[in-house]
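Residues or ranges marked as signal peptide in Swiss-Prot (evidence: sequence analysis): 1-19. Residues or ranges marked as domain 'LCN-type CS-alpha/beta' in Swiss-Prot: 20-82. The annotation disulfide bond is assigned in Swiss-Prot to Cys31-Cys81, Cys35-Cys56, Cys42-Cys63, Cys46-Cys65 on the grounds of sequence analysis.
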Amino acid sequence: MKIIIFLIVSSLMLIGVKTDNGYLLNKATGCKVWCVINNASCNSECKLRRGNYGYCYFWKLACYCEGAPKSELWAYATNKCNGKL
């Protein structure tokens, strides 16, 4: 019984480590996925990419996703956008 509880707790910890919050990445352009006050489209796009919840971050005009894998998120360090849309 202790082993089962240990395995469940370990699995939950691993799942938590592999997810992150951030702007969704448009893999074709390397840019953030843009939006204009459309939470529904950002939420569905986030869920398609295995995230929990997504919304349109108004000031950045980009979809923000919570709980998505890091491979689906835009990162400043690996930014390849250069103004392309």
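Using N, Cα and C of the backbone, Cβ positions are placed for all residues, glycine too.
Just so it is clear, the model here is predicted, and its values are computed rather than measured.
Here the features listed in Swiss-Prot are placed on the structure.
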{"residue": "Cys35", "record": "disulfide bond", "contacts (Cβ under 8 Å, 6+ apart)": "Ser41, Cys42, Cys56, Leu61, Ala62, Cys63"}
{"residue": "Cys46", "record": "disulfide bond", "contacts (Cβ under 8 Å, 6+ apart)": "Leu24, Asn52, Tyr53, Gly54, Cys63, Cys65, Glu66, Ala68"}
{"residue": "Cys81", "record": "disulfide bond", "contacts (Cβ under 8 Å, 6+ apart)": "Thr29, Gly30, Cys31, Lys32, Trp74"}
So, three-state DSSP: helix, strand or coil for Cys81 (disulfide bond)?
coil
Near Cys65 (disulfide bond), how many other Cβ atoms are within 10 Å of its Cβ?
30
Over the domain 'LCN-type CS-alpha/beta' (20-82), work out the mean pLDDT and round it to an integer.
92
All-chain count of other Cβ atoms within 10 Å of Cys42 (disulfide bond)
25
